[in-house]
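The next block holds one structure in the form of structure tokens; read it before the comments.
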Amino acid sequence: MTTLAIDIGGTKLAAALIDKNLRISQRRELPTPASKTPDALREALKALVEPLRAEARQVAIASTGIIQEGMLLALNPHNLGGLLHFPLVQTLETIAGLPTLAVNDAQAAAWAEYHALPDDIRDMVFITVSTGVGGGVVCDGKLLTGKGGLAGHLGHTLADPHGPVCGCGRVGCVEAIASGRGMAAAARDDLAGCDAKTLFIRAGEGHQQAQHLVSQSAQVIARMIADVKAITDCQCVVIGGSVGLAEGYLEQVRAFLMQEPAPYHVALSAARYRHDAGLLGAALLAQGDTL
């Protein structure tokens, strides 16, 4: 059965047809609408899926935010440009005329990455470091989503009680410091206004402040991983996202994690499916690979 998989992120929308063997075809991308109003998102999704829907039998959505009974909510509304209570499943069922499933993008990515691991791995955590910081938890071979869809939102654990205010309302969240948005917000002087991609470029050129911002992000993520290990006793952690997959970043996270006491050490690896993990995980779930 062919699935039309959609990934809704803070900066881009992606869609592709995925068959039962997880082969991807006809991948398309559009920028996430700048206005992020309900009408703008609805029109962008329509333009994205219209060329693909005739060949699909169902729709699977991986989206940033919290999914509750088909509604798209946000723990940090800034990641969705203030968009709240968007009827995601209903909208796609209307556009595509197909049965539709929706799940958080990091939870979906965790499910895809779990299936790429050896069979003896039953407990793993996926962490995405991108516009925000998110995650997904697989425990004893089951994906944890939680009653309200909140499970795995690791970016909203505490990093610094004196840190910046997070979009979720807490002070000092991991996401407020370590995410691409958090790094950019902390940039000063000649780096003011730079996005995370530019900060990595400048860090590679030897810019001291840029190197500090990247290093600070990696250290915060490493400390969060130590917390995650203590809570879940996971066998491995997989890192994805545009920041998480940036050159040299995982190595820094690993080095900082090794500075933590030995009980908190855990194997780290880069996401095998990279930027397609959300699409593939959502397709797996829609094809009956249940929670």
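Glycine is no exception: its Cβ is also placed from the backbone N, Cα and C atoms.
Listed in Swiss-Prot:
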type	residues	note
BINDING	5-12, 132-139	ATP binding site
BINDING	His156, Cys166, Cys168, Cys173	Zn(2+) binding site
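Shown here: features listed in Swiss-Prot, placed on the structure.
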residue	record	CB count, 10 Å
Ala5	ATP binding site	32
Asp7	ATP binding site	26
Gly9	ATP binding site	24
Thr11	ATP binding site	13
Gly132	ATP binding site	34
Gly136	ATP binding site	33
His156	Zn(2+) binding site	22
Cys166	Zn(2+) binding site	24
Cys168	Zn(2+) binding site	18
Cys173	Zn(2+) binding site	30
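Listed in sequence order, the residues Leu75, Asn76, Gly155, Gly167, Gly169, Arg170, Val174, Glu175, Ala176 complete the 8 Å Cβ shell around the Zn(2+) site centroid, once His156, Cys166, Cys168, Cys173 themselves are left out. Here Cys173 (Zn(2+) binding site) is positioned 12 angstrom away from Gly134 (ATP binding site), judged by their C-alpha atoms. You'll find the Cα of Gly9 (ATP binding site) roughly 18 Å from the Cα of Cys166 (Zn(2+) binding site). The secondary structure of Gly9 (ATP binding site), as reduced to three states from DSSP, is coil rather than helix or strand. Mapped onto three states, the DSSP output places His156 (Zn(2+) binding site) in helix. Asp7 (ATP binding site) sits 24 Å from Cys166 (Zn(2+) binding site), taking the CA atoms of both as reference points. Each of the binding-site residues Gly134, Val138 was scored by the other Cβ atoms within 10 Å of its Cβ; the lowest score goes to Val138. Here the CA atom of His156 (Zn(2+) binding site) lies 27 Å from the CA atom of Ala5 (ATP binding site). Reduced to three states, the DSSP call for Cys166 (Zn(2+) binding site) is coil.
DSSP gives Gly136 (ATP binding site) a strand state.
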